[in-house]
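**Q** Okay, so Swiss-Prot annotates it like this:
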BINDING   G80, 83-84, T88, 90-93, 108-116, S120  5-phospho-alpha-D-ribose 1-diphosphate binding site
BINDING   G80, N111  anthranilate 1 binding site
BINDING   S92, E225  Mg(2+) 1 binding site
BINDING   R166  anthranilate 2 binding site
BINDING   D224, E225  Mg(2+) 2 binding site
Amino acid sequence: MDLKALLRKLGNGLRLTADEAYLLGRGILSGSLCDVEVAASLTAMRVRGESPEEVAGFVKMAREFAVRVPLRIEAVDTAGTGGDGAGTINLSTAAAIVAAAAGAKVLKHGNRSASGLFGSADFMEAVGYNLEVGPEKAAELVEKVGFAFVFAPRYHPAFAKVAPVRRALPFRTIFNIVGPLANPGLVKRQLIGVAEERLLEVVAAAAAELGFEHAVVVHGSGVDEVSSEGATTVYEVKRGSLERYQIAPEDLGAPRVPIPRASDKEEAVAKALAGLRGELREASVAIALNAAFALYVAGVVGDPRDGFELAMRAIQEGVAYRKLVEAVEASRT
């Protein structure tokens with residue numbers, strides 16, 4: 001099927017198969033479609049609602065265009081969609097650090113914030129991490145340090161082709177869903193936060209289609225994280241099967257605490273670091289709840305409750321902050 005036929009299919013409100021979505025994605029990133037056609041296709045999918053098959057097809061395409069990290073060991077990621085507009089500190093990145101400190105091997109994939117206060121890359125840059133770490137170095141850091149951060153634009157340069165259209169559209173597109181699933185190390189284990197509840201099943205089903213071994217997709221009380229404030233809806237993907245459930249902080253042995261908010265980047269960094277050091281209880285608990293699920297999907301623990309206990313211990317004993325310092329120093333040598 002040619003690209004024009006795919007556009008007509010979208011224009012008629014029909015869903016694409018995974019193979020058709022792959023072809024459309026290739027057409028977009030290879031420059032075979034003009035900006036008007038790209039905008040039309042992204043809008044059609046957004047208005048109708050992106051399907052799991054379309055997301056999976058786009059992810060396969062994105063992986064093909066990516067700069068690959070040659071991982072030699074299994075690793076986990078905590079990348080999410082972002083865009084919840086909640087103004088919270090960056091929990092997913094801090095949680096990745098804690099998970100690494102507690103025994104997981106982590107290849108954290110992330111970007112700067114496009115619309116919110118603070119993205120993963122903003123945090124890592126603020127603490128001194130070298131965002132230009134290349135693929136071989138990243139693989140080495142995962143093995144030797146247990147943590148590496150890979151900056152999305154460095155590893156997905158082809159995405160720059162569609163950036164002007166994405167910026168011009170007043171809504172998030174399928175690329176915001178694809179990014180978190182397109183880790184350049186092809187990780188098969190991941191904690192994935194989504195900003196919209198409607199995306200829970202879409203992303204979980206796409207992860208299953210993509211062959212993830214163990215993924216947990218979460219949306220908690222208006223944030224794309226496991227929430228320390230109230231209930232979190234979870235879709236768990238394990239070897240192709242999907243299970244939906246809800247959890248609350250107390251289910252993991254955690255108190256209900258507010259997720260720390262920040263009004264600027266400096267405050268966001270300070271509160272996240274205080275949480276990693278165990279100096280700000282609310283931040284530590286919120287970070288540890290997310291690290292608990294990262295440790296769970298990594299296979300370090302058999303239950304998120306055990307993961308929370310392990311994560312809190314890593315924070316309280318200073319291991320988590322030392323892991324951050326180690327990772328930053330290693331990225332610059």
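Every residue number used here counts from 1 along the chain in the order it is shown.
The backbone N, Cα and C atoms fix where each Cβ goes, and this holds for glycine too.
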**Q** Closest to G80 (5-phospho-alpha-D-ribose 1-diphosphate binding site): which of the binding-site residues N111, R166, E225, going by Cα position?
**A** E225
**Q** Show which residues of the chain containing R112 (5-phospho-alpha-D-ribose 1-diphosphate binding site), separated from it by at least 6 in sequence, have their CB under 8 Å from its CB.
**A** G119, A121, D122
**Q** Quick check: in three-state DSSP terms, what is the residue listed as 'anthranilate 2 binding site'?
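**A** Helix, per DSSP.
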**Q** Using DSSP with the three-state reduction, classify H109 (5-phospho-alpha-D-ribose 1-diphosphate binding site) as helix, strand or coil.
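**A** H109 (5-phospho-alpha-D-ribose 1-diphosphate binding site) sits in a strand per DSSP.
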**Q** Quick one: Cα separation, T88 (5-phospho-alpha-D-ribose 1-diphosphate binding site) versus E225 (Mg(2+) 1 binding site), in Å?
**A** 10
**Q** Taking Cα atoms as reference points, rank the binding-site residues S92, R166, D224, E225 by distance from N111 (anthranilate 1 binding site) and give the first.
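**A** For N111 (anthranilate 1 binding site), the closest Cα among S92, R166, D224, E225 is found at S92.
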**Q** With an 8 Å cut-off on Cβ-Cβ distance and a minimum sequence separation of at least 6, pull the same-chain contacts of E225 (Mg(2+) 1 binding site), or say none.
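**A** Looking at Cβ-Cβ distances below 8 Å from E225 (Mg(2+) 1 binding site), excluding near sequence neighbours, one finds G80, T88, L91, S92, G193, V218, T232, I259, A286, N290.
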